[in-house]
């Protein structure tokens, strides 16, 4: 089988920086390292760090004074970070710079008295962190339809932002509707990162030129799920797998050309293995 592999597949800048910071702590022989939540959304990578002794705390209360704790790439709520610092926890901030920029941009709009409309996944850790910078009244929505049916008030001064890994085309539709509803003066923060845009555009282009698409990455990874969604929207059969052994070989064996892309937290080794398996069909 011929395979068209996306040039943008694999670790993004934010993931790479976060893992470098965690690796640096391990290289410095720190004995008591933990992350606050999964540092990235890839179970194979997380398993590797667990084998090196890195613990993953789901509850901030697990962190102890003096302990080295790495903040996940998705960021954490502002009040959680402040409480941990006040408790004497030695924090290493591995928040993606694009997420940090979104957090600070939202905080500046809050100071101007504006209310956030956030396009994102309600339960995603990045979204929970962004909301903590927004103040009261923020509205989270996962689709334009949800926003249209949401609790919007005519006398509020809104601004728009998106989870950094959201679908840029869907966000454009949201912007257009909000400005028709509330006026062109509604501020829009440019929070969808360049890597997300580039990956989605390349996934769309490849999907339009192949018989089947394979997207590799963690099932909990929002950006990976979005890649699968935009590829499938082109009308091509699309399979989202975490590892090559999850590929439905009987279902894809008869196709002539396969497209291959991967989420921002997918290691190159797994992408390589998937490509090799596809090419053997």
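Using N, Cα and C of the backbone, Cβ positions are placed for all residues, glycine too.
When the candidates 74, 185 are compared with the dimethylallyl diphosphate site entry in Swiss-Prot, which names 41, 124, 221, 223, 265, the shared residue is 74. For residue 265 ((2E)-4-hydroxy-3-methylbut-2-enyl diphosphate binding site), the nearest neighbour among the listed binding-site residues (12, 96, 193), judged by C-alpha distance, is 12.
In sequence order, 96, 193, 195, 223, 264, 265 are the residues of the chain that are 6 or more apart from residue 12 ([4Fe-4S] cluster binding site) and have a CB within less than 8 Å of its CB. The two recorded residues, residue 221 ((2E)-4-hydroxy-3-methylbut-2-enyl diphosphate binding site) and residue 126 (active site, proton donor), have Cα atoms 11 Å apart. On the backbone, the CA of residue 164 ((2E)-4-hydroxy-3-methylbut-2-enyl diphosphate binding site) and the CA of residue 126 (active site, proton donor) stand 8 Å apart. Cβ neighbours of residue 124 ((2E)-4-hydroxy-3-methylbut-2-enyl diphosphate binding site) (same chain, under 8 Å, six or more residues apart in sequence): 74, 163, 222. Maximum intra-site Cα distance, (2E)-4-hydroxy-3-methylbut-2-enyl diphosphate binding residues 41, 74, 124, 164, 221, 223, 265: 15 Å.
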